[in-house]
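**Student:** Quick one: structure below, then a few questions.
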Amino acid sequence: MKGVFVGSGSEGMQSPTTSTEILRLTGKSPSSVNVAYLGTSSYDLSQFKINQVSRLQEAGCTITSLRVTFPGDCTKEDMTEIVRNADVLIVAGGNTLFSTNRWRSIGLDSLLKEAADRGCVMCGGSAGAICWFDAGHSDSADPDTYYEPMMKEFGDGAESKEESSALGEVVKPWKYVRVSCLGFLPGLCLPHADKVQSNGVLRMDDFDEMMLRHPGERGITIDHFCALVVNGDDYRVVGLEGKGGSVMSDGSFNSKQEGRPGCWVKNVVGGKVVTELLPWEGKLSDVLKPADEIVEDPNCAQSMQDNPHKTEIPPTMTTPNPTHAVPEALSPQCVTPSKYLHNKLPRFFHALGLRVAKNPITVMVLMLILTLSLMSGIAFTELDNDYENWYPHKSTAWKHYTFQKQAFGKFDRTEMYLVEEVESTNGVLTKAILEGALTLHNEIAEQDSYKKLCVKNAVDGPCSDSLSILALWNYDASVLSAQTQSQILQTVNDAINANKIILEAVLGAVERDSVSNEIVKGSALQVIMSLHNVDSKDDDIMAFEKDVFMTLCNEATAQYSSSFAIYCNSFRSYSDESDRAIAADQSLMMFAMLIMIAYVAFVLKRKDMVESKMLLGLLIVVNVGLSLGVAFGICGFLSIPFTQMSMMTIFIIMGVGIDDMFILTDAFDREPMTLPSSERVANALAEVGGSITLTSVTDFLAFSIGSTIDLPAVSFFCVTAALAVLSVFLIQVTFFAACLALDARRILSSRYDLLPCFVRKQLEWGQRESSDSNKTSSNKMKAVVDKIPLTPINVFANFIVRPAVSKVTVVLFFILGAAMSYQGFSHVEKGIKITDFLPAGSFVGTYFEKRDLYFGEIDSIEYITTATIDPSSADDRTKLSITFINVENLSFTVGAPNYWFTAWQAYDTSLSAGTSESDAKASFDSFMATDEAKTKYANNIVLDDDGKIVASKCNTLFLFSTMDVEKAVVEMREAREAAVSAGDDFAFAFNQNWLWMERYIKIDTLTINTLMGALVGVFVVCVLFLDLTSALLVCVCVVLINVNIIGLMSLWDVRLNVASLVILILSVGFSVDYSAHVAEGYLSARTKGLNAKQAVQVSVKEMGVSVLNGGISTLLAVVILSASKSEGFVVLFKMFLGMFKLNRELVIE
């Protein structure tokens, strides 16, 4: 036989624990379960039905009422059909004597026996519990259970009733009676064992007297808030959540429900009643036994006379069954995805929890095998820290970059040093400073490695001249030393007047004579040397930059420090310094994660080292390690590279894993320790599995949407993070759940935390039972909310639900959101400082500061032709000429463009539009054979086999200011317009800085689109898990949090760029986590019968504590990161701090 027998019908059947146990015994999904409700004990009054079936109806079960109280209510055929189609049969509480006699009179008892034998789950509380036994201790002699008082009370408009509690007008002493029942189970059953009813007698005391009158029977009692779950010969005693009972810690009986709910077994031995506590689980055959002798209670006859059977009932009281019973299914609007998942997920997670907890070692081994198999993909993972991953690959600049790279190879590498006067003297145009700068240049230029690697105008030619004012003396120290100070200044002025040098690129902070306008001083000079960047020489170039250029620069800096300052920067310096910052930050990140782990261990530590769970907390390292290993392994199989940004995944998954661990552990602790550990794990997973699933899916979705961003580094990171989120979710509900079960076994076996091999001295059975009864969490939900300890979060929960407070809070946050929205979207700055990812005090940062102060970034714009050009074609030559004219007229360029076409025109002045094709072809070939073309333009023209130009380029220098990006954007657009003046497909303009400038231009649109996409996705997912109102509230919270964060960015000098965009994506995921956990807890509390105010309090007090602990651990780590010397991590700290504060202040109500 299968059954769930509860001490209380109304209160007991409203419990989600009861409905969960019933559905579990069916082995079916709720939507396919047919429930027959038999309300004879309460005279088929429909109001009494509400408390009995509402939980199952909400779960999606089909409910059919079987009304048999009065003749004509139901035909024999309909009665048979309803019972035989039932998967669950619920008997209402009320008058047992009346109902059992009625069933026998119509033959329903036989149908019920058939149903029980075929596996139908027989259920009920009070009268619905005792009716299945041989007999029951019944209040059927209580006049309040008679028909007339029940009708009168119903007629007074009561919405629902607890059986045996109707207060009729007939008030007189009454006694409990032994009622003979259906006899499906042996024994004399007592419900409400720990209750006193209207006759003022404790039922447990009266039951002892009844046992003495019926000594041949074995008695079994069920507390008011207890359920006896029977599955064949197996049974379990289940206390209803948050309720008290009669079982004290010392095993004694308590009539004030100060213990935990339980069951007791009674026997009459030697004329005395012997009472024993029923074990929490076991074999039914070991507990129940057939009666040796049955003695009927003579008082039953009098009770039947006092409550005569009526032949008809007013039609307003109840409605007879129709000719064909129609199931009372849920209304269509109730069948929503969220309700479907709310019904499915707890059952799924309960079943999963049972399997995991009953076989923890097997599950852990299987998960380790699976994770290690997936981690094998790490062997295929490639490290890719190329800066190209930070550029948008769908941009115009990237398209141009790839064409340039294919046609002409990599850009040359520049090695630069800047010389600055130390004191306010004659500046750098003094012989001593110029000779020092020249000495350093020549020491570098004379190195064999430089001669091998430098840019050459011809393949075997000498190195091209460096860009420097030192070129005026042909880099010859003897020429410079022969000049006086006045001659040096004259040489400089003559060169400038003759346009031999680009003043803006080589001399900074120039001062001129007020009369002659000639230069008399310059505060800084710059030397730029170039290396030919080819893949085959990468190792040699890197070695030269580090071991030669930087070494000689540093030696010169020290040598001349008293005379002038030298600031050096090789092409690799920025990468080296940013890598150094990352290395330091990685150590800081490891320390931050140790702080997180220490906090977890601290929270789970207990004074009693057996009760302590620090070892369980330390397992977060294993969980996160396995999750990251799986994510990186899958990425390896998918050929997704590992980047420096991938390291951020460790920090994120640590935070997510700790949040889920606290939520699951706290749910486990809320389960009574009287339950088997497997049941506690199953119930915990059933309680919070849906919440963890919701947050994991939304995090996965947020990162998945982030992976569509056109920045490979961000995309790779988001894919890795999304896979890690799924991995940590699967590992938490399997591997960690198994660890929970093992840890519970450790505690029960009195093994020490952290040292499980050592066992504490075993306690006696009674002492252990006493100890076990107290092992419940302080966060356990109480039916009466004010019983929860008034910790700060409880005070906050009680405060926030006040009507005035909640309304003011909502209004204030909307006002704050509007203000922050204005502040953020109107004042937040875009872009990134080039020094943000350098360690504080880096020499590279100092160089950039000096360069921007005196020069700006000297760079070149390349105008590259993409169309096939025939030099003999007059039309093509016209297009080349138009392009040159437009480029030459650009206002922001410095110096003359280096253009092969104008050099050809200068070589052959007779070249014109009227020149024949053959003459033009001969002229071009002759020009290309000259020494000038070979040395200056050979690398600027790509010819095909027919002698036609498939790609060519023209270089023009300009000063690019990183301090005025908006101006640079305008210049980029003007340069591009000049390039397409001869036709859209003829040529394009390109500069390397434009790769990130296009990212700069699109970052605000990219941010809005990404966040909106993530928000829409989050809303869709929330609608699947939550009701529409809660889903909308979650999304409102997410919007308010992110809008406020953007506002904080503008107030805290955080720019909108790729780094802050990634953190905003994280904020979507984390803010959904925080609000969805509270929303899920709220909905769960509402399904337990709490009103809105109580549900908010319970949700904040239960889920709030878990989420708060997880958030504090993350906050502690972020505070550690604020000590970073890298601006990137400081930005992370600022935004995470704002996220933490805002998430904690928004409460869903």
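Glycine residues also receive a Cβ, built from the backbone N, Cα and C atoms like all the rest.
Got these off TrEMBL a minute ago, pasting:
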type: DOMAIN; residues: 585-742; note: domain 'SSD'
type: TRANSMEM; residues: 587-604; note: transmembrane segment
type: TRANSMEM; residues: 616-640; note: transmembrane segment
type: TRANSMEM; residues: 646-664; note: transmembrane segment
type: TRANSMEM; residues: 684-707; note: transmembrane segment
type: TRANSMEM; residues: 713-742; note: transmembrane segment
type: TRANSMEM; residues: 1006-1026; note: transmembrane segment
type: TRANSMEM; residues: 1032-1051; note: transmembrane segment
type: TRANSMEM; residues: 1058-1076; note: transmembrane segment
type: TRANSMEM; residues: 1112-1137; note: transmembrane segment
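Would you situate these features in the structure and describe their surroundings?
**Tutor:** For the domain 'SSD' (585-742), the model gives a mean pLDDT of 85.
Sequence-distant contacts of the transmembrane segment (587-604) (same chain, at least 6 residues past either end, Cβ-Cβ under 8 Å): 612-614, 616-618, 620-621, 647, 650-651, 654-655, 658, 661-662, 665, 1109, 1112-1114, 1116-1118, 1120-1121, 1123-1124, 1129.
Sequence-distant neighbours of the transmembrane segment (646-664) (same chain, 6+ residues past either end, Cβ-Cβ under 8 Å): 582, 586, 589, 592-593, 596, 600, 603, 617, 620, 623-624, 627-628, 631-632, 684-685, 688, 691-692, 695-696, 699, 716-717, 720-721, 724-725, 728-729, 732-733, 736-737, 740, 1062, 1066, 1070, 1073, 1077, 1103, 1106-1107, 1109-1111, 1113-1114, 1117.
Sequence-distant neighbours of the transmembrane segment (684-707) (same chain, 6+ residues past either end, Cβ-Cβ under 8 Å): 20, 341-342, 345-350, 352-353, 656, 659-660, 663-664, 667-668, 670-671, 714-715, 718-719, 721-722, 725-726, 728-729, 732-733, 737, 740, 1010, 1013-1014, 1017-1018, 1021-1022, 1025-1026, 1062, 1065-1066, 1068-1069, 1072-1073, 1076-1077, 1080-1081, 1084, 1103.
Beyond its flanks by at least six residues, the transmembrane segment (713-742) meets 349, 352-353, 356-361, 363-364, 367-368, 371, 384, 389-390, 616, 619, 622-624, 626-628, 630-632, 634-635, 638, 640-643, 645-646, 648-649, 652-653, 656-657, 660-661, 664-665, 668, 677-678, 681, 684-685, 689, 692-693, 696, 699-700, 703-704, 706-707, 1058, 1061-1062, 1065, 1069 of its own chain at Cβ-Cβ distances under 8 Å.
For the transmembrane segment (1058-1076), the list of distant contacts is 390, 645, 648, 652, 655-656, 659, 691, 694-695, 698-699, 702-703, 705-706, 709, 711, 713-714, 717-718, 725, 832, 836, 999, 1003, 1006-1007, 1010-1011, 1014-1015, 1018, 1022, 1025-1026, 1033-1034, 1037-1038, 1041-1042, 1045-1046, 1049, 1107, 1111, 1128, 1131-1132, 1135-1136, 1139, 1142-1144, 1146, 1148: same-chain residues at least six beyond its ends, Cβ to Cβ under 8 Å.
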**Student:** For the transmembrane segment (616-640), could you work out the same-chain residues 6 or more beyond its ends whose Cβ comes under 8 Å from its Cβ atoms?
**Tutor:** 367-368, 371-372, 374-382, 597, 600-601, 603-604, 646, 649-650, 653-654, 657-658, 661, 665, 716, 719-721, 723-724, 727-728, 731-732, 735-736, 739-740, 743
